[in-house]
């Protein structure tokens, strides 16, 4: 119970900070919406943990509800967090054409695996009393490995041509590579589900797995916040690549016509405009600077 509260509390705290920061800075986007979905399911998980260890557990209706609800909420936290993890690459790398469609296809595949696992666990509850058999454990492990590989390989491939400083590239790459921690947790979880389903270690890993995924989904925003404030920078790590480029180009484009205009005016004002002034003694050539003067002429 203590371990579950620590991990779920950390996930809820980091997600709440992430959502509050994004709302305050007007940067709330799709990945934040999916993080909010994961947060709702994680709060339900935490409530389920408390319900399991309180006298309300004697109520058969509460027990039945938790028995059905917890497998679904654990799975939903995990996969909503994964979708939230992959979405920022659309803003950072800003892929176009086929690459962008590929990212959307990957996001869709995550949704399909999420739905398939939910259906499988619901059928297990209907037919076997929510007993997690070997088929579900193996399906969990396979989908975990595939999804985590996609969460690492896709950003690394798309970030190769993005203009980033050395520090930015290291930080962003490290954040996306942290998704492999999910696989590190998923492997022992699946093994324990096969060998010792009702052991304390299995219950602990069952809580660690989704909360780790949710904390990893929040890392990019948290690291970006720390990077911005510790380095006194005005640029976030998750700022779109096009924004950086357009901002620089805009300065150049706006300045160039001004320079040309000033240069044109300077050249125009430096051209002498000569007028012949007939006086009693001689003729003179007056420049542009003398055009405003009224010569004491007897005749023009």
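Glycine is treated like the rest: Cβ placed from N, Cα and C.
For reference, TrEMBL has these:
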DOMAIN    18-196  domain 'Rhodopsin'
TRANSMEM  33-53  transmembrane segment
TRANSMEM  65-90  transmembrane segment
TRANSMEM  102-124  transmembrane segment
TRANSMEM  136-158  transmembrane segment
TRANSMEM  170-196  transmembrane segment
TRANSMEM  208-227  transmembrane segment
Same-chain residue ranges lying at least 6 outside the transmembrane segment (170-196) that approach it to Cβ under 8 Å: 78, 82, 85, 89, 92, 132, 134, 136-138, 140-141, 144-145, 148, 151-152, 155-156, 159, 164, 202, 205-206, 208-209, 212-213, 216, 219-220, 223, 227, 237-238
Criterion met for the transmembrane segment (208-227) and the transmembrane segment (65-90) (at least three Cβ pairs under 8 Å): yes
Distant-in-sequence neighbours of the transmembrane segment (136-158), which means Cβ under 8 A and at least six residues beyond its ends: 79, 82, 85-86, 89, 92-93, 95, 99, 102-103, 106, 109-110, 113, 116-117, 120-121, 124, 172-173, 176-177, 179-180, 182-183, 186-187, 189-190, 193-194
Reported mean pLDDT - the domain 'Rhodopsin' (18-196): 85
